[in-house]
Ligand SMILES: Nc1nc2c(ncn2[C@@H]2O[C@H](COP(=O)(O)OP(=O)(O)OP(=O)(O)O)[C@@H](O)[C@H]2O)c(=O)[nH]1
């Protein structure tokens, strides 16, 4: 080959390399943008593009939203799965609000809707004489706040005893007693941390379950934002294929913070298949957390059981499910408790997300739900805003109720 041709080839190669490096640099958003690992983390890592023809279908590269050359299509027995942004360049991803102190920031909102409980109790307990009628009223107030019968009786018994022993009507002392007793019921010793760290060389897998309308999709979007704010790489799997709009909604939440979504554009696609492909993509792309949305049609318990059981079984061919979050709407009271019971019979729930706590004076549901399932409330939804979700903290919650 003549020398001048060789020089041209070298110059062209150098320019291509420079443009490539420049583009990669410009596209860098967070610590490790999802799907754009320039090298594998471990020596035995699979290549970023998996080979077609696996039993469950094949996955093309699921690039970070906006990365050049993004190929969306995932075929699965004729099902087309796509990533959320269809290769659109979107450098304007939002920065979610920091997570620390969220409960405090949102405390006012929580207190506004729930302070009837705290104020009512304090007023009753500060009376000069607490007779049986007053104790009955206290009991009723607690029951109306959805605390549940057993915890209510427990709290009233303990307060009765302490009021007798300490014999004080001093509002400060009464407030302190009430807070201590409520805190004991909410149980500050429960482990409320989310399983959101990579481990054993694979992502943490979270399944999110709950009936439609409780705020499940919104919650996944908000949790993804919490994780992004904590500098985690997240991938969403839209395995709620019952309603196509739900997948779209989820993908939009993800796209806002640069998180990719594996979804199917076909109504009624096999949810287990979508979940499998999402986990597979999450493993290949070495993300920290894969969050899987699921449908929850309670009118048919057997169907629900089959569907959730299948999703879990299929996903666990690739990786164990680390967290099953049950989303419940705090405003639904006893109905929420019934849902919790059904879901916990179907899957092993590891944490509860209580939504719409901003819209109810029935904050006591936190205690009732935890008692019924023996599982901690890990997150609470406190509004419709994208960052209105806070890690649940027993002390912060009780302070918000009583102060
Ligand atoms: N006030 C308030 N509204 C909330 C909260 N969480 C969710 N919502 C609202 O609840 C409504 C339902 O939320 P979705 O996320 O669509 O509910 P879903 O359970 O996913 O329903 P499907 O997508 O049909 O499965 C939306 O209008 C949300 O904005 C919250 O913590 N507080």
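From the backbone N, Cα and C atoms, a Cβ is placed for every residue, glycine too.
It is 6-27, from the ranges 6-27, 28-49, that TrEMBL records as transmembrane segment. Secondary structure at residue 216 (GTP binding site), as computed by DSSP, is helix. It is 213, among the binding-site residues 210, 213, whose Cβ has the fewest other Cβ atoms within 10 Å in the structure shown. Ligand 1 lies under 6 Å from the Cβ of the following binding-site residues, listed in sequence order from 213, 216, 294, 297: 213, 216.
In the three-state DSSP assignment, the secondary structure recorded for residue 357 (GTP binding site) is helix.
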